[in-house]
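Now, the feature entries from TrEMBL:
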COMPBIAS  1-18  compositional bias 'Polar residues'
REGION    1-33  region 'Disordered'
TRANSMEM  93-115  transmembrane segment
TRANSMEM  168-186  transmembrane segment
TRANSMEM  198-215  transmembrane segment
TRANSMEM  244-263  transmembrane segment
TRANSMEM  284-307  transmembrane segment
TRANSMEM  349-370  transmembrane segment
TRANSMEM  401-418  transmembrane segment
TRANSMEM  438-456  transmembrane segment
TRANSMEM  463-482  transmembrane segment
TRANSMEM  488-508  transmembrane segment
Amino acid sequence: ELTGSAGSSRADPGSSQEPELYSPASPGPQQEPISTYFEEKVPIPEDDMTKLFSFRKLWAFTGPGFLMSIAYLDPGNIESDLQSGARAGFKLLWVLLGATIIGLLLQRLAARLGVVTGMHLAEVCNRHYPTVPRIILWLMVELAIIGSDMQEVIGCAIALNLLSVGRIPLWAGVLITIIDTFVFLFLDKYGLRKLEAFFGFLITIMALSFGYEYVRVAPDQAEVLKGMFLPYCSGCGPTQLEQAVGIVGAVIMPHNIYLHSALVKSRDINRANKKEVKEANKYYFIESSIALFISFLINVFVVAVFAEAFYGKTNMEVSLQCNETGSAHSKLFPANNETLEVDIYKGGVVLGCFFGPAALYIWAIGILAAGQSSTMTGTYSGQFVMEGFLNLRWSRFARVLLTRSIAIFPTLLVAVFQDVQHLTGMNDFLNVLQSMQLPFALIPILTFTTLADSGVCTIGGGLLILVVCAINMYFVVVYVTALNSTVLYVFSALLSIAYLSFVCYLVWRCLIALGVSRLDFRGSVQYPPAVLMDEQPEFDS
């Protein structure tokens, strides 16, 4: 393993010579691993580094944060948003705001790791964890990526079904998603900046689509601001609490930490120069803040639309309205007085019933853009994770074929043999699956980074990650207890023992890395210094 040495000499900040990185398997120096994504690196303009801010440099660094922000806008997030609005009105907007801020802080850690070390999180894990834990960690992250991929496929299939007025069945939409993903994924062959511009175009489509719904429904702006900045939920019960937990689970996604730490490597930065590293961290943080602010606004659009139009509505009210407008989907809503429950499919239908066909089609366009962009970034995440953990170079075609096949098969079976309710119902299970994988991204990122060279900030970062993991574990427990099956309870208990044992192992190594050396009983666990602010860690063999 790579180990740090207090006596190691740090590279001259002014030189272009980078410190040598050594692999556990060989005594010789290695070149910095280059992913197939980085066939080019974006140059950074050489402005006066004494200037506090440069728009030219911000533009040069703009791109990775927006690709990262797409994970905050995938179909799973959109469904969580609309359910939050329909079930709790505007009361949980502050939870969405808090989750986005927490997400920004975690993404900052991921970006800093990539900038300072020149390696993304999967590569660092590969170098510092033993073989068996490393393989388990890789499998858990792959599971999260596949779960996210299934949600994105479901979102695209539903969007195509809505746009075609049912002429494209769900199973056909699933197959179409396979084909168009292969087409779009090779856009980076035309240049990295063009690829990033395409993702920006998809985010713009989402902003215009959901922004149209926001303007059309015209929510009460005072209620929107109250819900956003007043951390209180009057009259809320278990349903609203579960929804609040679901918001956090949907926003903070494990594979996105790995993705962002890799994307920042696409800029041409001299890591031996402390000023350049510090400047890169600054501009990446500004860019990520802007990107997540835009994604937050889009999420707010969705929550506010369903809070204003459908909070407190019953199935009977919606059914009558759909019958009056002659909607072909009126049978989706039973004629009873139970509270309306919506998903991304029903959400488009009810918008069409209350606000006209244009609202339905524009909604579907937004969902299609969300699903398509998310599935592309998900495939990039899988590529980085496989290359980093296994040091395995696969062609883009082979990588997409593998992940798509694993994600498509169960989704296709449900689409062929079940109805749309069962297909959208898979999203709850997939959110739980990704919630369970969150510690396998957050604990490693804390292990190799700190927010600053301050014990207070380190403890603060650890507590933040502990809270996020606890919230997601609560979400998992709520889901499992609702299954009402003794066999599933027993299986879940056995799975929980293995799961918690591995999480405890990661925490143990994290605490040792952060300086609690007394826990290293055999003196066998060693790490290079954690990434402090803009300092480059020291490495030797």
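Quick reminder: no glycine exception, Cβ is built from N, Cα and C everywhere.
Between the transmembrane segment (244-263) and the transmembrane segment (349-370) there are fewer than 3 Cβ pairs closer than 8 Å, counting only pairs 6 or more residues apart in sequence, which means the two stretches are not in contact. Through the fold, the transmembrane segment (488-508) approaches residues 133, 136-137, 436, 439-440, 443-444, 447, 480, 519 of its own chain, all at least 6 residues removed from its boundaries and within a Cβ separation under 8 Å.
Same-chain residues lying 6+ beyond the ends of the transmembrane segment (349-370) with a Cβ under 8 Å from its Cβ atoms: 70, 73-75, 77-78, 152, 155-156, 158-160, 162-163, 202-203, 205-206, 209-210, 212-213, 216-217, 305, 309-310, 318, 321-322, 325, 327, 329-330, 332, 340, 342. Contacts between the transmembrane segment (198-215) and the transmembrane segment (93-115): absent, as fewer than 3 C-beta pairs lie under 8 angstroms at sequence separation of six or more.
Outside the transmembrane segment (463-482) by six or more residues, the chain places 102, 105-106, 242, 245-246, 248-249, 252, 428-429, 431-432, 435-436, 438-439, 442-443, 446, 488-489, 492 with a CB less than 8 A from a CB of the stretch.
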